[in-house]
Amino acid sequence: MAAQVPADELSKLSVNEAANTKGNPSLATSTVTNGNLNRDSDDSDDEAEDAPTAPAVGAAKKKKKRKPKKKKKNPTEQSDPPRVPVSQLFPNNTYRKGEEVEYVNDNLYRTTDEEKRHLDNMNSDFLTDYRHAAEVHRQTRQWAAKNIKPGQTLTEIANGIEDSVRALVGHQGLEEGDAIIAGMGFPTGLSINHCAAHYTPNAGNKMVLQQDDVMKVDFGVHVNGRIVDSAFTMSFNEKYDPLLEAVKAATNAGVKEAGIDVRVGDIGGVIQEVMESYEIELNGQTFPIKSIRNLNGHTILPYSIHGTKSVPIVKSNDTTKMEEGDVFAIETFGSTGNGYVHEEGEVSHYAKRGDAAKVDLRISSAKTLLNVINKNFGTLPFCRRYLDRLGQEKYLLGLNNLVSNGIVEAYPPLVDKKGSYTAQYEHTILLRPTVKEVISRGEDF
């Protein structure tokens with residue numbers, strides 16, 4: 001999920017504007033003997049013949065032995081659409097690792113250092129949760145990439161992704177507090193063409209994906225508040241390939257450069273250099289591909305998608321260093337337009353502020369809605385569709401009141417100039433004591 005650069009921070013950026021049982025159990029057949037009572041020998045044969053036949057006293061009833069039930073085996077592959085919880089595909093919480101990359105230079109010692117390895121081993125729950133969330137993200141996005149087609153509505157696409165995430169983590173999020181255990185780390189962003197970020201359909205949205213669209217697919221998955229943030233771009237016309245290639249290469253360059261003690265401003269310079277080495281020809285006109293200078297990567301904190309550190313995607317004088325234990329979303333955005341975005345359009349993304357002051361709310365609907373947000377999302381981002389899904393009605397007045405009181409943050413869509421095209425790629429990295437783990441890396445990107 002994109003982090004926007006505050007306006008007063010843009011002065012720090014140095015941008016090169018020109019360049020860039022049902023299983024057939026065995027039937028246990030038991031031999032049951034019906035007991036017959038013997039009569040005394042004194043009884044006459046006649047009496048025995050004349051006597052009506054009666055059920056023997058104390059006769060044993062037939063008992064059917066229970067058929068042994070075979071234990072259900074866990075499925076070994078994912079369904080289509082994805083509905084099998086990944087915990088069933090990976091017994092004992094042994095989820096796949098991300099891409100592990102050794103540190104270099106002064107931090108090379110960390111790979112074999114006993115103290116660092118001990119610290120790493122102490123983070124088992126942390127790593128399990130992150131690898132769980134990453135596996136859900138990989139399986140969901142790979143399914144989405146194969147199944148999203150022009151002609152589908154954005155609502156259909158978003159619901160398909162979010163239904164899959166909830167099924168794969170095993171938490172539907174309809175019961176109070178369930179979505180805080182595991183589920184969506186933030187709403188599915190489906191930003192098209194000149195819209196770079198923070199667009200998801202609200203109720204009643206009829207927008208349809210077109211053959212000539214460039215769509216950013218940006219969603220998060222969390223397990224116990226550990227959020228995996230990863231994004232990719234889809235297009236259905238090969239003329240946009242240079243734009244997508246530029247942004248993917250820039251993201252990979254940023255991921256490669258990132259590490260403990262690395263200055264974030266230096267990473268921005270590397271990203272910009274790679275991004276702006278590309279150009280694209282559209283309708284007979286050549287456009288330089290520019291880094292969108294007021295969008296950033298960012299740290300991720302528990303239950304908070306935007307942490308306290310930012311990673312610029314243009315050269316910057318920011319000397320903030322990455323540190324051991326940090327979790328970063330390295331995301332880059334490229335544009336054929338101005339390389340600068342502004343807020344425009346109907347808001348869909350919201351999040352409760354972690355630093356919100358206590359306010360005496362006077363509108364009852366705001367109080368009610370805040371209670372719903374606290375119990376179902378906490379500080380995780382949400383959208384209007386999520387409130388609709390919980391059965392909330394006529395909440396806009398209360399929601400706007402929470403925004404105006406500084407309790408909830410609104411995230412409007414971020415757009416470049418109309419007629420331009422933007423693309424995004426993103427990975428989450430863990431700066432572990434011993435190695436850098438690109439936790440969201442997959443076979444796709």
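Placement of Cβ uses the backbone N, Cα and C atoms for every residue, glycine included.
As written in TrEMBL, here are the features:
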REGION    1-92  region 'Disordered'
COMPBIAS  13-38  compositional bias 'Polar residues'
COMPBIAS  60-73  compositional bias 'Basic residues'
DOMAIN    130-345  domain 'Peptidase M24'
BINDING   HIS198, HIS306  substrate binding site
BINDING   ASP218, ASP229, GLU426  divalent metal cation 1 binding site
BINDING   ASP229, HIS298, GLU331, GLU426  divalent metal cation 2 binding site
Length of the line joining the Cα atoms of HIS198 (substrate binding site) and ASP218 (divalent metal cation 1 binding site), in Å: 9
Other C-beta atoms that fall within 10 angstroms of the C-beta of HIS198 (substrate binding site): 27
Long-range Cβ environment of HIS306 (substrate binding site), under 8 Å and at least 6 residues apart: MET1, ALA3, HIS298, THR299, ILE300
ASP229 (divalent metal cation 1 binding site), number of other Cβ atoms within 10 Å: 30
C-alpha spacing of GLU331 (divalent metal cation 2 binding site) relative to ASP229 (divalent metal cation 1 binding site), in angstrom: 9
Cβ neighbour count within 10 Å of HIS298 (divalent metal cation 2 binding site): 25
Proximal but sequence-remote residues of the same chain as ASP218 (divalent metal cation 1 binding site) (Cβ under 8 Å, at least 6 apart): MET1, ALA2, THR188, GLY189, SER191, ALA197, ASP229, SER230, ALA231, GLN424, GLU426
Binding-site residues listed as GLU331, GLU426, least Cβ neighbours within 10 Å: GLU426
